[in-house]
Amino acid sequence: SSQIVSFSHQPHQPPSTPASKEVWKKGGRMFSILLAVHLALLACTLVSSGAFEKIAVHDYDVFFLLTVMMLIVIIWIIFYLAGTSRCPDAILCKDSHAGPIWLRGGLILFAIFSLVMDVFKIGYYSSFYSCLSAIKIIYPIVQAIFVVVQTYFLWISAKDCVHVHLNVTRCGLMLTLTTNLAVWMSAVTDESVHKAHSKLKKNVTEEIFRWLLKAGMRSSSAEECNCNSQICQIFKNGYFWLYPFNIEYSLFASAMVYVMWKNVGRFIDHHSHHIHHLKFRLFRRTFFVGIVLGLIILVSGLGVLILYEVQVNSSTESSKKSQALTMYYIFNIVCLGLMSLVCIGGSVIYRFDKRDMDRHKNPTRTLDVALLMGAALGQYAISYYSIVAIVASTPRDAISALNLTYALLMIAQHTFQNIFIIEGLHRQPPKEDHKHDSHQKDLYGLTFVNINAVSLRVPDSGSTLAPSTASGTEAIHPSDLVRSLTAPKKMNWRRKFLREISMFLLLSNIILWIMPAFGARPQFDNDTELNFYGDSMWPAIVDICLPFGIFYRMHAVASLLEVYI
């Protein structure tokens, strides 16, 4: 027994992480947070004030502030890439959890569409530059440069743990975060005002529309210029259709910058830091059930989206509108119901999962959980407002019943999906999931073993071998050794079911992101909420909360990829 035990793997103590040289870490963070808060409040004040014509703040004032902020961020990023990151001992370690490849890939995808939007903006404003302020053309040019520089910066530096120029780096990252949020607020406001104008133009004449603009609604300075050419209309409609991508880009970039800010001055314990590598194995070790069901939901959702857009936006008949709303609600009820059921099933499977919980410090995981919980609040708010309006309104029809079911299932689906994803985020990676106890884990330290020789040393009584007093290690039963070495390495049924569930949820979240992002928003087409809350309060609620719901879907996709795929 002493000979067998002597081959066992002897554990060693990992080296301790070096101590931080920073005197007061919280002080540096506090200063950068105060800077971000003041800039965010200033930007929010200008953006919200510029939304109304009676207030003497115009859209070009907002564009001027955003242009200055983006130029400062560009200068700081160049300083970081050329100076800070090249200093000796500037980046002693990297956070393997920060900036996974699918998150950076999504950022590049949204950046490409944002650049196309900026090109459309430049073309639109250039069509009548003689009656516009120069900042209207300068702003999309600077924004395009900002998107390119920031995307490159986040692609190569998202994992950095900086240890020089700490306070400057923190302030620069917080300025970058605030700038992205300010651009996001401006985009959401422009999109909501554009939709309000489009809805008014359908219902009133041109003279009444002009009068309403003068009465208090925000009118872009471009509204006062004539956009009669076909190419001008293409540019105008094109960049408004691409606004959702720019909104998602700003939110994705903000999340990645926040993780970088948390990692400033941080040391990583690599012995407790599990590294995830992207492996394209979506179609390996699966039964294809989740993929097939997800593709059916995705294709069906695209068909529902096309029919909804055609019947609601192109037809003036109320019967067509009712059919489109009914079709939309039925599809979403089926989709949300299935997603809720599979999330509950996944949570039940976790009860049989033997993997340990990962309790190590991880800013990326903390941010993922906070974003999932925070972004879900937007859809929660819309759903609860809809429930109150439907229950309190009379009379009730079939569409109201479908709307109520849709709102309730939306709350349930967000709740169950958050539980499922968050529990997966706190599990050890699959490669750490071994079905062996502490004795059997030591067996993997053996370089080679003659299994037949070990089997011959099993005592007739079947008793375990005596512990080795010299090494302090408990004895290992030879039969356990044989089973451990000869056990086939197969993916267990729990892992397969979790992967099927994740594939279905991933594809379903994609279509539930596409539908509202590209115009399928029954909140504006259903008269129940509009009549109950009014034409001013309800659109404001939806415009504020819906972008969070759209971002939630994309972040859920990223989290599912990180944990299960």
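Cβ atoms are placed via backbone N, Cα and C, with glycine included.
Note that TrEMBL annotation is computational and uncurated.
Residues or ranges marked as compositional bias 'Polar residues' in TrEMBL: 1-11.
According to TrEMBL, the region 'Disordered' annotation covers 1-20.
What TrEMBL lists as transmembrane segment is 30-50 (among others). Remote same-chain partners of the transmembrane segment (30-50), defined as residues 6 or more beyond its termini with a Cβ less than 8 Å from a stretch Cβ, comprise 57-59, 61-62, 65-66, 69, 167, 170-171, 173-175, 177-178, 181-182, 185-186, 189, 218, 261.
Per TrEMBL, the feature transmembrane segment maps to 62-81 (among others).
Positions annotated as transmembrane segment by TrEMBL: 101-125 (among others). Listed as Cβ neighbours of the transmembrane segment (101-125) (distance under 8 Å, sequence separation of 6 or more from its ends, same chain) are residues 132, 136-137, 139-141, 143-144, 147-148, 151, 154-155, 158, 222, 227, 231-232, 235-236, 238-239, 242-243, 245-246, 248-249, 252-253, 255-256, 278, 554, 558, 561-562.
Per TrEMBL, the feature transmembrane segment maps to 137-156 (among others).
The transmembrane segment annotation in TrEMBL covers 240-261 (among others). Packing against the transmembrane segment (240-261) from elsewhere in the chain are residues 32, 95, 98-99, 103-104, 106-107, 110-111, 113-114, 116-117, 120, 147, 150-151, 154, 157-158, 160, 170, 173-174, 176-177, 180-181, 183-184, 187-188, 190-191, 194, 363-364, 367, 371, 517-518, 547, 550-551, 554-555: each is 6 or more residues past its ends and has a CB under 8 Å from a CB in it.
Per TrEMBL, transmembrane segment is recorded for 282-308 (among others).
Residues or ranges marked as transmembrane segment in TrEMBL: 328-350 (among others).
Annotated transmembrane segment per TrEMBL: 370-392 (among others), in sequence order.
TrEMBL lists 497-518 (among others) with the feature transmembrane segment.
Listed as Cβ neighbours of the transmembrane segment (538-561) (distance under 8 Å, sequence separation of 6 or more from its ends, same chain) are residues 100, 102-103, 106, 184, 188-189, 191-192, 195-196, 244, 247-248, 251-252, 255, 368, 371-372, 374-379, 381-382, 385, 414, 417, 421, 424-425, 502, 505-506, 509-510, 512-513, 516-517, 521, 523-524, 529-530, 532. The transmembrane segment annotation in TrEMBL covers 538-561 (among others).
At the 8 Å Cβ threshold, with sequence separation of at least 6, the transmembrane segment (497-518) comes into contact with the transmembrane segment (328-350) through 3 or more pairs. A Cβ distance under 8 Å defines the sequence-distant neighbours of the transmembrane segment (328-350), meaning residues of its chain 6+ beyond its ends; these are 293, 297, 300-301, 304, 308, 399, 402-403, 405-406, 409-410, 412-413, 416-417, 419-420, 423-424, 427, 494, 497-498, 501-502, 504-505, 508, 511-512, 520, 522. Outside the transmembrane segment (370-392) by six or more residues, the chain places 255, 400, 403-404, 407-408, 410-411, 414-415, 418, 421-422, 523, 528-529, 532-533, 538, 541-542, 544-549, 551-552, 555-556, 559 with a CB less than 8 A from a CB of the stretch.
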